[in-house]
Amino acid sequence: MSHSSPTVNQREKYQKDLPRDAKALDKRFPLYLGDWKKSDPAVDDDIAMENLDEPHMKRKLAILKKHPEIEKLYGHDSRTTLVTILAAAAQIYSAYLFGRVWTDTFWGFLAYAYAVGGSITALYGVLIHEATHNHAAPTVFLNKLVGLMANIGIPVPIYASFRRYHLEHHTYQGVVGMDPDLPLEWEKKMIRGNAALKLLWLFIYPLMYVVRGAAMKKTPSTWEVYNIIFTVTTDVLVAKFCGLRGLLYLFVSLWFGYGLHPGAAHFIQEHYTFDDGQETYSYYGILNKPYMNIGLHMEHHDCNYGPQSRLGRTIEDHKAARKQVGKLRRADEHAYEEMALDAQKAKDE
């Protein structure tokens, strides 16, 4: 779903013509999501469009006004750094095993690269996401180091570009030409309603991170250059000590972990429209356990100053709601009341 929102200058120009009441200006105040219709590939030629701002800033302000205690959940979780170190070590050790020890296996190589390597690589995506939002360490610089550390087991420079474009996604969610998470024109034409082409698109999804970033046509930032140098260096070291087969293991793990893998399902779950009027979705299933609550995407966009690990405490008692609306559902006001209660418990502890 995308927005054709007016620019700030346009808003200022027509400010005198706008209603004074925020509710009249935007029906999504405070927790309203939308009333537009989702795109039907059998009927529509494009993704769903509407001309209002993304909903999360208004939701965040309204939520914090009613539940200011939620701000106590903000900050970082240092355990994320430890998980990053362990995940990087595990993947490099696996690369050594397949590069220097288990050199004769083929099907075992593929099975392990999918089941273990792909799962760890999908976890890298979560760790990089946490470092991007400065949730892994107390300072911005240390978070950038954690992001690079998570990139050790990924043989292409992902972290710095992800940080750059993901923060733009939060700022310009759904704005055509500014949100790098929106599908490109050829993607929309390719996918349509064809199940086989959707499967192919999911298979090549790791490539889409590169293609969508390149489509923004921006000069690499300083940290993107650092990331390239860092990753080339680690790749050379992996090839030297683990062999080319070990490096190949990392590439295959990346392709599996960011493509047709359960750990990558959140790429589809987060913003592809399943319901009318809703552009952001949360997943409340079991995969939130190993993947550090990455499925709680509505909560993340509404309150993105707190680590995903703390968001998880808010949904443990939502079994009744989950039975009513399924695994994909909206984060409702009850969720934020739970967040406020959890913040109070954290303070009391």
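Placement of Cβ uses the backbone N, Cα and C atoms for every residue, glycine included.
TrEMBL: automatically predicted annotations, no manual curation.
Noted in TrEMBL for the protein shown:
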type	residues	note
REGION	1-21	region 'Disordered'
COMPBIAS	10-21	compositional bias 'Basic and acidic residues'
DOMAIN	42-80	domain 'Sphingolipid delta4-desaturase N-terminal'
TRANSMEM	80-99	transmembrane segment
TRANSMEM	105-128	transmembrane segment
TRANSMEM	140-160	transmembrane segment
TRANSMEM	191-211	transmembrane segment
State the residues, same chain only, that lie 6 or more residues beyond the ends of the transmembrane segment (105-128) and have a CB under 8 A from a CB inside it; answer 'none' if no residue qualifies.
80, 83-84, 87, 90-91, 94, 98, 136, 146-147, 150-151, 153-154, 158-159, 162-163, 249-250, 252-254, 256-258, 261-264, 290-292, 294, 308
Report, as numbers and ranges, every residue of the chain located at least six residues beyond the transmembrane segment (140-160) whose Cβ falls under 8 Å of a Cβ in that stretch; write 'none' if there are none.
76, 80-81, 84-85, 87-88, 91-92, 95, 120-121, 124, 127-128, 130-132, 134, 209-210, 221, 223-224, 226-228, 230-232, 234-235, 238, 247, 250-251, 253-254
Residues of the same chain, at least six outside the transmembrane segment (191-211), with any C-beta under 8 angstroms of its C-beta?
41-42, 156, 158, 161-162, 183-184, 254-255, 258-260, 264, 267-268
